[in-house]
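Student: Okay, handing you the structure first.
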């Protein structure tokens with residue numbers, strides 16, 4: 001089990017390649033499609049079956065022979081053609097896995113079969129440094145922002161508020177000193193006895209400007225951090241992994257576009273992990289069972 005797991009991790013993601021395919025069939029000429037490359041997966045998507053220009057006006061039946069799910073040979077009729085009735089047939093992406101044989105069951109031909117040859121090439125595995133970077137990036141995205149970590153960025157706003165409060169206090173102190181200097185000058189000047197009352201009033205004004213105005217600033221201090229805490233305490237929503245049905249829909253869309261899915265279970269599991277970022281074995285197993293039905 002450990003060796004198979006290491007092999008799956010060492011395999012890179014599959015990169016599909018598409019090539020043109022075409023062959024000619026005659027009464028005594030069949031076409032055999034074999035692949036000696038065992039490292040990559042091959043699949044043929046047949047598109048059209050067409051009678052050649054020199055074909056007779058007779059019935060032509062095109063037959064394909066391949067292996068079924070249990071590995072037993074089976075034969076399937078692909079198209080029935082006749083020059084005066086139906087000279088060409090569109091198969092619309094009839095996918096077949098090699099090895100297989102195409103032949104004329106009846107008719108003299110020539111008949112031309114065209115389609116696409118799909119090859120799933122394995123990309124080179126990433127280096128250890130790149131794997132570590134991806135793991136660190138995934139771990140950072142999965143961790144939601146906690147309340148304790150969100151308190152640290154609030155120090156800078158508090159410092160800036162304290163600096164503003166200190167500047168306001170300094171301005172208030174300067175204003176108080178100016179008022180006191182004015183009061184001293186008024187006291188020194190020869191005035192009547194009732195002149196003492198304005199001095200007391202001025203002292204009260206100075207107290208109001210100095211001492212009474214200071215408590216108003218902490219109120220603003222207590223209000224602003226609360227709103228900032230509420231904003232910082234809200235954790236970031238982590239990315240929700242795709243559900244089983246969403247992954248099936250994406251795979252079906254890629255199949256409809258002409259891409260092929262891996263035939264072997266280890267490669268299929270690696271394909272799901274790399275392309276859809278899921279590690280749930282139950283989901284991978286369910287997708288593998290669904291892939292068998294395609």
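The backbone N, Cα and C atoms fix where each Cβ goes, and this holds for glycine too.
Sharing the features that Swiss-Prot gives for it:
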type     : residues : note
SITE     : 57       : site 'Interaction between pentamers'
SITE     : 82       : site 'Interaction between pentamers'
COMPBIAS : 121-133  : compositional bias 'Acidic residues'
REGION   : 121-244  : region 'Disordered'
MOTIF    : 153-158  : motif 'Nuclear localization signal'
COMPBIAS : 161-186  : compositional bias 'Acidic residues'
MOTIF    : 190-196  : motif 'Nuclear localization signal'
COMPBIAS : 223-233  : compositional bias 'Basic and acidic residues'
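Can you tell me where each of these features sits in the structure?
Tutor: DSSP assigns residue 57 (site 'Interaction between pentamers') to coil, not to a helix or a strand.
In the three-state DSSP classification, residue 82 (site 'Interaction between pentamers') falls within a strand. The Cβ of residue 82 (site 'Interaction between pentamers') has 15 neighbouring Cβ atoms from other residues within 10 Å, across all protein chains displayed.
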Student: Taking the Cβ of residue 57 (site 'Interaction between pentamers') as the reference point, list residues of the same chain whose Cβ is under 8 angstroms away and which are at least six residues distant in sequence.
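Tutor: Once residues fewer than 6 apart are set aside, residue 57 (site 'Interaction between pentamers') is near 82, 83, 84.
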